[in-house]
Amino acid sequence: WANTKTDSTAPEQELLCIFGTGDLGRSLGQRLLHSGYRVVYGSRRPHSCGPLPQGAQAMSHEAAAQSASLVFLCIHREHYDFLETLAPQLQGKVLVDVSNNLKKNLYPEANAECLQRLIPGAYVVKAFNTLSAWALQNGPSDANRQVYLCGNGAEAKQAVAEVATKLGFAALDRGSLSAAKELEDFPLQLFPEWRMPLYVAVGLTAFIFVYVVIRDVVYAYVEQGEDNSFRIMVSLANKVFPIVSLIMLSLCYLPGVIAGFIQLYRGTKYRRFPDWLDRWMLCRKQLGLVALGFAFLHMVYTLIIPIRYYVIFWGSNRTSVFDTTTAWRSDSYYSMGILGFGLFLLLGITSLPSVSNALSWREFSFIQSKLGYLTVFFCTFHTYLYGWDKFLRTYKWYMPPAYMLSLVLPSVLIVLKLLLLLPCVDRSLTRIRQGWERTDTQDGSEKPLLT
């Protein structure tokens, strides 16, 4: 009952204005109302502008602009012309431009810069354009937490940042209004963080596929007159997927090992890594998830092998003597594969934000680092057991078996990681990562790095 009483000493809720009653405008208004603001909409048809969030009111553009000091413009650039007639009402106001374009370089200048030119007496801030109506409705827990903003007025940007913070988002200042074009291009980017991993995956898949086709199909046709082209759809695909998966999993962990050796060489953690290594480390998560996708395909293709006509035909027309050694190798091979894939799934699940946010840093680091290298080991050992002694006898046109190509990178990774785990090396690297620096003194009193 106390909540129904009006406290005369409570501060009056701030009134904000929104131009535009589309999906984004309504979602933004609803979010503002839930955060404690009063909202008024400016519309050409205030009495027939469609359903509005409960608690909001609609009025003409002129009246709405005069009533609030901060105005959100949720309208497309092609409808900016009417704003020139509102220049007197918008004088000294903070205008938040949330518009985006359908494609890059559609106009010579950014939408926010155009708006500032139309209404020079207002303070234009570019913000909230990287959020969708869905993100605003569901809040930062289910969407991107960051709100990028830019503008020429420090006080105007501070006012917008306070609103974003009250809505539950983190405001990131990108500088002056000249950065507006960059912010407007953000929503138009298609998987920017996935480009390099996808390029690597496509390149590796194409190379390995051509390699196994030449070795297993073309060779058999040229040298033996056999047509094995039917094997392309399943057998050869099931060779390509695990090879690409293991190489990309190794590429996920290799930059961390390289970074460790660079820190040992420099004797400090306070110097930046080379740009290529920085970019590589930033896409490790994407590399790992793409590798998990290929591993899943390998698992599915392996499960359908027993029902293939080719396998059934040769299995029903072939007799052989039971070999205990082969049975041990086969069971160990499958066991290592299952364990490796299980750990692989665990790495993928814990990389999801909803899961990783529930883990402490120590727990997340243990899974992604310690169990990650264990995953590399199991998958590599699985491949070694698959190859067994084939590397001694199955060269075609001097081309080694395809699985041998996948073992180079993980084997190098495991050896380098074992070197970093040596007590003298690990102790020095731990000291460096805790802040210790090797100093070059002229009196020769510096301590050796490896102690």
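Just so you know, glycine gets a Cβ as well, placed from its N, Cα and C.
Automated prediction, rather than curation, is the source of TrEMBL annotations.
According to TrEMBL, the feature domain 'Pyrroline-5-carboxylate reductase catalytic N-terminal' maps to 17-101.
Residues 191, 227-229, 231-232, 235-236, 239-240, 243-244, 247-248, 251, 287, 290, 294, 396-397, 399, 401-402, 405 of the same chain, all 6+ positions outside the transmembrane segment (198-221), place their C-beta atoms under 8 angstroms from a C-beta of that stretch. What TrEMBL records for 198-221 (among others) is transmembrane segment.
Here TrEMBL flags 241-265 (among others) as transmembrane segment.
Taken from TrEMBL, the feature domain 'Ferric oxidoreductase' covers 243-378. Residues in the domain 'Ferric oxidoreductase' (243-378) partition by DSSP class (helix H, G, I; strand E, B; coil) as 112 helix, 0 strand, 24 coil.
Here TrEMBL flags 286-313 (among others) as transmembrane segment.
Among the features that TrEMBL reports, transmembrane segment is placed at 333-359 (among others). Residues 249, 285, 288-289, 291-292, 295, 299, 367-368, 371-372, 374-375, 378-379, 381-382, 385-386 of the same chain sit 6 or more residues outside the transmembrane segment (333-359) yet have a Cβ under 8 Å from a Cβ within it.
Taken from TrEMBL, the feature transmembrane segment applies to 371-388 (among others).
Positions annotated as transmembrane segment by TrEMBL: 403-425 (among others).
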Near the transmembrane segment (371-388), which residues from the same chain, at least 6 beyond its ends, have a CB less than 8 A from one of its CBs?
242, 245-246, 249-250, 252-253, 295, 329, 332-333, 336-337, 339-340, 343-344, 346-347, 401, 403-404, 406-407, 410-411, 413-414, 417
If one takes Cβ-Cβ under 8 Å and requires six or more residues beyond its ends, the residues near the transmembrane segment (403-425) are 208, 211, 239, 242-244, 246-247, 249-251, 253-254, 257, 260-261, 264, 373, 376-377, 379-380, 383-384, 386-387, 390-391, 450-451
